[in-house]
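Participant: Have a look at the structure that comes next, please.
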Amino acid sequence: MALNLRKNHPLLKIINNSLVDLPTPSNISAWWNFGSLLGLCLITQIVTGLLLAMHYTADTSLAFTSVSHMCRDVQFGWLIRNLHANGASFFFICIYLHIGRGIYYGSYLNKETWNIGVILLLTLMATAFVGYVLPWGQMSFWGATVITNLFSAIPYIGQTLVEWLWGGFSVDNPTLTRFFAFHFLLPFVIAGLTLVHLTFLHETGSNNPLGIPSDCDKIPFHPYYSIKDLLGFALMLIPFITLALFSPNLLGDPENFTPANPLTTPPHIKPEWYFLFAYAILRSIPNKLGGVLALAASILVLFLMPLLHVSKQRSMTFRPLSQILFWTLVADLCILTWVGSQPVEHPFIIIGQLASFTYFAIILILFPIAGVLENKMLKL
């Protein structure tokens, strides 16, 4: 009998075992589509980013003009830039939904996969931050100044660390050059980490909406989930391309149409929408170091999710108390996002503080309590 090349070729069999013959639970819902959508986002961002890097100049006197030239004079440069800028937004929409799915269905109990995933989120946030600085508009410059300045809150070494990061005594040409280098490098780090993420996932296999072992009922990935992924691609690409073509600046900041000027500060310095929840948590604490620690904790708390799981059931499908808390957490994050976009004044200060407290209270205190109560209710 002839050898099946797909199953025996050293390279093809890796692809086969990951995308064709992979045993997959028969009941995973559309919430499991976001992994492949994130892969699509990453590929889109790397391709458009590479095309942009061919025309971009990482120099303070030329960066803004080079981006402007790209949009005016390069064939479809405006489209490539709009796809890249809005692609970041869709990347974050997908990753937040992906993480939300993981929390709801208890996927964090695959500890290695989850931990690599949190590292991926941190790397993505770093990539988006340094990328936002590159057009060298007002919000790019002041965003970079404010966020890098947070490192100065670290006791003893803070100030030295910030100056080392800047390559001088303020955000200037050396900062822009190194941020471009980081922005070019990190997506490939993300691609590498993604492979590690998938390697760990394929050790245990996917979770499913019921949170029960599915070894007795698996189906091949292709054609069932490959076609489902293609539908997901279409459903994401339609709003993505619509946004990039019809309203490309909807999610951007108008301040960034003004070239960076160290002598005038914008009235409201705020990051892109996908960082606003963390920015609100940062601002809700009056102390600088305290704010920085809260900011770090808002993401790093995800590492604790597997340790805080006390329920006998993996998924929240049959856990009404945890479900109420989960959706309260989602609403709380929306409130934080809104508060982060508002000026620091009454009533936004107190709303931000209450929402920040609620965020940590739900994850660290209320989720475990709900789990214990639900375990007791199982015995009734």
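For all residues, glycine too, the Cβ spot is worked out from N, Cα and C.
Got these off Swiss-Prot a minute ago, pasting:
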type     : residues      : note
TRANSMEM : 34-54         : transmembrane segment
TRANSMEM : 78-99         : transmembrane segment
BINDING  : His84, His183 : heme b b562 binding site
BINDING  : His98, His197 : heme b b566 binding site
TRANSMEM : 114-134       : transmembrane segment
TRANSMEM : 179-199       : transmembrane segment
BINDING  : His202        : ubiquinone binding site
TRANSMEM : 227-247       : transmembrane segment
TRANSMEM : 289-309       : transmembrane segment
TRANSMEM : 321-341       : transmembrane segment
TRANSMEM : 348-368       : transmembrane segment
Participant: Where else in the chain does the transmembrane segment (78-99) make close Cβ contacts, counting only residues six or more beyond its ends and a cut-off under 8 Å?
Facilitator: 31, 34-35, 37-38, 41-42, 44-45, 48-49, 51-52, 67, 70-72, 117, 120-121, 124, 128, 131, 236, 240-241, 243-245, 248, 251-252, 272-274, 302
Participant: Using a 10 Å cut-off on CB atoms, tell me which of the binding-site residues His98, His183, His197, His202 is the least crowded.
Facilitator: His202
Participant: Looking only at residues six or more beyond either end of the transmembrane segment (114-134), which have a C-beta under 8 A from one in the stretch?
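Facilitator: Contacts of the transmembrane segment (114-134) (Cβ under 8 Å, skipping residues fewer than 6 from its ends): 56, 58, 63, 67, 88, 91-92, 95, 98-99, 102, 107-108, 140-141, 143-144, 147, 175-176, 179-180, 182-183, 186-187, 189-190, 193-194, 196-197, 200, 271-272, 274-275, 299-300, 302-303, 305-306.
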Participant: Report, as a single number, how many Cβ atoms besides its own are within 10 Å of the Cβ of His84 (heme b b562 binding site).
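Facilitator: By my count, 20.
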Participant: Below 8 Å between Cβ atoms, which of the listed ranges 34-54, 179-199, 348-368 makes the most pairs with the transmembrane segment (289-309)?
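Facilitator: The listed stretch sharing the most Cβ pairs with the transmembrane segment (289-309) is 348-368.
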Participant: Excluding the flanking five residues on each side, which residues at least 6 beyond the ends of the transmembrane segment (227-247) place their CB within less than 8 Å of a CB in that stretch?
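Facilitator: Result: 30, 33-34, 36-37, 40, 79, 82-83, 86-87, 89-90, 94.
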Participant: DSSP on His183 (heme b b562 binding site), three-state: which is it?
Facilitator: helix
